[in-house]
Each structure stands twice: as structure tokens, then as C-alpha cells.
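J.: Got a structure for you, written out below as C-alpha cells; questions coming shortly.
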Amino acid sequence: MNKNKSNKLKGIVVALKANFLIVEIDHKNFKDYSFDEFNGKIRLLCIRRSKLNYQGLFIDVGDIVGVESIDYKNKRAVVSDVEPRQSFLKRPAVANVTLVSICISADEPLFDMEQTSRFLLTAECANIEPLIILTKIDLITKNDLILYINKFKSWGYDCIPVSIHNSQGIDSLIERLRKTKLTVLAGPSGVGKTSLINHLIPTVSLPTSSVSKKLKRGTHTTRHVELFAIGNGSLLADTPGFNRPEIVCEPSDFAFLFPEFRTQLSNSQCKFRNCLHRDEPGCVIDKDLERYPFYRENLEEMINSPLPYQAG
């Protein structure tokens, strides 16, 4: 059996399957003879050392781990340790995320401002850069597309419009995704996340489904998180769709999760340090901003929620 017991290698968890971890390792520069038959990367089916469970260390997709006792013939190994995370997205659970790309459909299903904002706030809460991917732009007019782009710009976000039917915007999206290490593709069901991955990485061929005509929203096809290589050492995570992300935040911090509010608060200060930007005198937040009613509604939910600092 071709097994390496003495050398520990680093790898990244690309999927969780039952009680196993799928770990990808890169050994192209390793000089040991046992690697001669391999080129580039290989995925190993791994179990974890029991000490990790005793220590209360959870392992999720995206975690950087140490693997040992590698059986190259059967592609199996043991995960012995996990490195500290640089970031963590709670839902979907992915570690070391550098970009959250939120897929929003221009049509079918219809755009939902509250839903979109909740996904953006999920990234903001985790202090991870968000990017909006506007899908299905072949279903709308050029004027409507301009309105979408201007809307997201007023919120403080970049937007890459794409269509898998005519490949519009695909090259720009690939270029952007290859500039970051690990991108999570998130968004509600039915917006075309899985179809987009199939278009970006044709060798993947993930199952897809159409939008329900009765419910007017998508159905879930992705059941678990998995990482896929998109070139230049970058990884892309497909995630299960869900339609109402929860917001967990201190009420006093909530306004700082909105880029358009942050801009105003950085230019001038409210009269009172504990201003929640409701009806306090001397508040500098423009109450006519598009997302201000959404902010107020969810702020009240946070304040009145029986659970600590949660809206949703």
C-alpha cells in the first residue's frame, strides 16, 4: 500500500460527505517518489482525528487542514489539525471566504429588494466583500438593466450583469472571480446559481431545475456546499439556495452594515453618540434613501426580538 505516514501536507476541505471530509491537496512540488504518478492536485477521502472532536474543533468547507497517513492508491487520508480561519460565513457554512457573490435574478423570479438586502447583510455581518451578480439579463430591456445597475450603485455595490444564454458578461465575471481566492456563490433559489456554475465550469455538469410556475420562485437543487476550481488557483463554492437569511447584529451596529449609510456617517456625525437613526434630533442619515424603510423595519425587529439582536 502506497501510504505516507511521516509527512503532513496542507489541504483545503472542498466538500463534506456524511462523516467524511473531501480534502484537496497540491503536491506538484513535493520531491518524494510516492508522488511521481500524480500531477497537480488530488482529492482525498478523509476521516478526522478523534482529538479534533474532543477539542470541539468543527471543520467546514473552506477550512485549511493538515492531512497525514495518506494512502495514495485508494486516495484516503486522516485530517490531524485545522488552521485558524481568516473569515467564516455562517450560512452557508464556509470558511476562509474572500468574496460573497450574490446572484440576483433580473426576472423569473422577480427582484426582491428585501431579500437581496438580507443576502448583502449576511456578507457585511461576516466582514466579507460582497459582489452582486445580476442573472437572466436577456429577459429585460437595456433601460431596465441600467436601472438595476444604478440602483445597486446607489446602495454602494458593484454589479456584474450576466446571461448564460448569450454569454454576456461571462468573461468579465470569470476575470473577477479569478482575482480572489475563495468565492461563495449565494442567493435565493431559482436565480440560476447552479446553471451559472455549469456555464463557468463546463466540466462540472451540476443538476438544475426551473422556477416553479405555481410558487413563482425557485426550487432547491444544490443540497450541500462544494468547492470547484475556476482557474488561477481560485475556488468557487456552490451553495444551497434559501430565501430569507436571518440578520444577527447589535442594533447599534446595524446602520454600519449599509454602505450608503456608512458614507454619510463618515462625512458627518449624528448629534448623539447612541443615535439609532430613527427620529433622534440631529441624525445625519438621509431618511429618503431607498433602503431606509427596510433598515427601520428590521431595526425594530432587532430591538423587540426575544432572541438577542436578531431580525428575520
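Don't overthink the numbers, they just go from 1 along the chain as shown.
Each residue, glycine too, has its Cβ placed from N, Cα and C.
Below, the features straight out of Swiss-Prot:
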- 86-245: domain 'CP-type G' (DOMAIN)
- Thr135, Lys136, Ile137, Asp138, Gly187, Pro188, Ser189, Gly190, Val191, Gly192, Lys193, Thr194, Ser195: GTP binding site (BINDING)
- Cys270, Cys275, His277, Cys283: Zn(2+) binding site (BINDING)
J.: To the nearest whole angstrom, what is the C-alpha distance linking Val191 (GTP binding site) and Cys283 (Zn(2+) binding site)?
T.: 38
J.: Sorry to bug you, but what's the C-alpha spacing from Gly187 (GTP binding site) to Cys283 (Zn(2+) binding site), rounded to the closest Å?
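T.: Rounded to the nearest whole number, the Cα-Cα distance is 33 Å.
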J.: Cα-Cα, whole number of Å: Ser189 (GTP binding site) versus Cys275 (Zn(2+) binding site)?
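T.: Cα of Ser189 (GTP binding site) to Cα of Cys275 (Zn(2+) binding site) measures 37 Å after rounding.
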J.: Using Cβ atoms only, which residues of the same chain lie under 8 Å from Ile137 (GTP binding site) while being at least 6 residues apart in sequence?
T.: Ala106, Leu145, Pro161, Val162, Ser163, Gln168, Gly169
J.: How many Å lie between the Cα of Cys275 (Zn(2+) binding site) and the Cα of Gly187 (GTP binding site)?
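T.: On Cα coordinates alone, these residues lie 32 Å apart.
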J.: Reduce the DSSP letter at Thr135 (GTP binding site) to three states and note it down.
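T.: Reduced to three states, the DSSP call for Thr135 (GTP binding site) is strand.
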J.: Can you tell me how far the Cα of Thr135 (GTP binding site) sits from the Cα of Cys270 (Zn(2+) binding site), in Å?
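T.: About 38 Å separate the Cα atoms of these two residues.
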J.: Can you count the other CB atoms that lie within 10 A of the CB of Cys270 (Zn(2+) binding site)?
T.: 18
J.: Determine the mean pLDDT over the domain 'CP-type G' (86-245), rounding to the nearest whole number.
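T.: When the pLDDT values over the domain 'CP-type G' (86-245) are averaged, the result is 87.
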J.: Find the shortest Cα-Cα separation between Cys270 (Zn(2+) binding site) and the binding-site residues Gly187, Lys193, Ser195, and name the residue that gives it.
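T.: Answer for the nearest of the binding-site residues: Gly187.
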J.: 10 Å Cβ neighbour count around Cys283 (Zn(2+) binding site)?
T.: 18
J.: Using C-alpha atoms only, work out the spacing between His277 (Zn(2+) binding site) and Ser195 (GTP binding site) and round it to an integer in Å.
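T.: Roughly 41 Å, rounded to the nearest whole number.
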